[in-house]
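Colleague: To start, I am sharing the structure in question, which I have written as structure tokens.
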């Protein structure tokens, strides 16, 4: 090793199997994905809802992020990526808290398990936060506190093991899910819609008039979400590679094309360019490209952006008003359309447009019957392999859909036996102050509603003087 520069020579902190650049990129990617949740979705949720639900919406996201981390290192990681218990789930244990395990090489990549546990955690966390988007404005917070660890344990880990773990049955079949189109977006869209059915709708006055309390702040959260997707898709090759660079570029190209398409449709049909609509178009583009980010060419990313700007827009603006089931369920943030519909679209298009050469670079295999899109299969005379790939994608979609409907329903019914799924009518009517004893914009009010808040009581107990705004200054 004498020929290596001193900073590259192995030592106790840098074993020979570890690549410093890959490790640095993996930690950076994970942190970018974490920032999508905190503060990205915390800000987006807190600002896109009515003022009276700003704090509750933001706290649902913040709580999920913290709760998932504790559950993930406790048992979730091993259920999703551990030794096989059954073909769709790993064995539960506490290896993710063991120093020897955390400092040894991960099952894939040239970095330690600690980096992999952290990277996979932020994906699990954002999935639960996306589900919260369907439940804003009426779910009992205690019920949400129970829902998060239960759904992580009995739903998320099953999808992650089946599709991402090398021992998973769908992974072995050759399903293409580059970075979570199935595991994260389709799962969260279906689970959010199912949970919204069991929780029930918001108050009629909240559904009929739903003005965001701060659209500019919503755009700040959306911007963090968009830029954070650099790590979301760029980190999934588990190496700082050519494929990672391609995935990042494709991600942003697809998002931009989708945003522009959605915006044009709003102008053509409603004669006004909607800021919220543009944000929805951005999200559907990011979701659609996720299962295929590093295995499609640039022109395919643009095509996927055009389709993700059209099809979810049509399902949200037209089908939602026509289909009985969609009208019955109050999906606050339209998670079903932006994540389930867009995720399904991306999963199908991955089975059509996946370039076999790019798939080989990502999966590092030489298996022609797998990982070849239908379009390339037909072009290369391997149509049977292309048809097989599309069929595998459809099997994966069906499995994720059915499993999330069943598991989410069972979890909601079990929670309902312990605590109500919905807030009380008083809480639904009043909002944050009734639920948390706090308000998002109390600083700009006259302080009247602050008099009975918990922060007021804290200051009174401590004997701190209170200003008119309610803060001890």
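Keep in mind that glycine also has a Cβ here, set from the backbone N, Cα and C atoms.
For reference, TrEMBL lists these features for the protein:
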- 24-441: domain 'Ammonium transporter AmtB-like' (DOMAIN)
- 24-46: transmembrane segment (TRANSMEM)
- 53-75: transmembrane segment (TRANSMEM)
- 117-136: transmembrane segment (TRANSMEM)
- 143-164: transmembrane segment (TRANSMEM)
- 176-200: transmembrane segment (TRANSMEM)
- 212-232: transmembrane segment (TRANSMEM)
- 244-263: transmembrane segment (TRANSMEM)
- 275-293: transmembrane segment (TRANSMEM)
- 299-320: transmembrane segment (TRANSMEM)
- 332-354: transmembrane segment (TRANSMEM)
- 390-415: transmembrane segment (TRANSMEM)
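What's the neighbourhood like for each of these?
Modeller: Within the same chain, residues 26-27, 29-31, 33-34, 36-37, 41, 45, 49, 53, 56-57, 60-61, 64-65, 67-69, 72-73, 76-77, 80-81, 96, 102, 144, 148, 151-152, 156, 160, 180, 183-185, 187-189, 191-193, 195-196, 199, 232, 235, 331-333, 335-336, 339 sit at least 6 positions outside the transmembrane segment (117-136) and bring their C-beta atoms closer than 8 Å to a C-beta of that stretch.
The list of residues near the transmembrane segment (143-164) in space but at least 6 beyond its ends in sequence, with Cβ under 8 angstroms from a Cβ of it, reads 60, 63-64, 67-68, 71-72, 75-76, 79-81, 87-90, 120, 124, 127-128, 131-132, 135, 170-171, 175, 177, 182-183, 187, 191, 195, 199, 396, 399-400, 403-404, 407-408, 410-412, 414-416, 418-422.
Within its own chain, the transmembrane segment (212-232) is flanked in space by residues 28-33, 35-36, 39-51, 54, 123, 179-180, 248, 251-252, 255, 275-276, 279, 282-283, 286, 290, 440-441, which lie at least six positions past its ends and keep a Cβ under 8 Å from the stretch.
Sequence-distant contacts of the transmembrane segment (275-293), counting only residues of its own chain at least 6 positions beyond either end whose CB sits under 8 Å from a CB of the stretch, comprise 48, 176-182, 184-185, 212, 215, 218-219, 222, 225-226, 229, 232-233, 236, 246-248, 250-251, 254-263, 266, 300-301, 304-305, 307-309, 312-313, 316, 334, 337-339, 341-343, 345-347, 349-350, 353-354.
Beyond the ends of the transmembrane segment (332-354), by six or more residues, the same chain brings 45, 48-49, 130-131, 133-137, 176-178, 181-182, 184-186, 188-190, 192-193, 196, 202, 280, 283-285, 287-292, 295-297, 300, 303-304, 307-308, 311-312, 315-316, 320, 326, 371-376, 389-390, 392-394, 396-397 to within a C-beta distance below 8 angstroms of the stretch.
For the transmembrane segment (390-415), same-chain residues at least 6 beyond its ends with a Cβ under 8 Å from one of its own Cβ atoms are 143, 146-147, 150-151, 154-155, 158-159, 162-163, 170, 173-177, 182-183, 186-187, 190-191, 194-195, 198-199, 344, 347-348, 350-352, 373-374, 421.
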Colleague: In the same chain, which residue numbers or ranges, 6 or more beyond the ends of the transmembrane segment (244-263), come under 8 angstroms Cβ to Cβ?
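Modeller: Answer is 25, 178-179, 226, 229-230, 232-237, 273-274, 277-278, 280-282, 284-286, 288-290, 292-294, 296, 298, 300-302, 304-306, 308-310, 313, 358.
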Colleague: Ranking 53-75, 176-200, 299-320 by Cβ pairs under 8 Å to the transmembrane segment (24-46), which is first?
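Modeller: Between the candidates 53-75, 176-200, 299-320, the best contact partner of the transmembrane segment (24-46) is 53-75.
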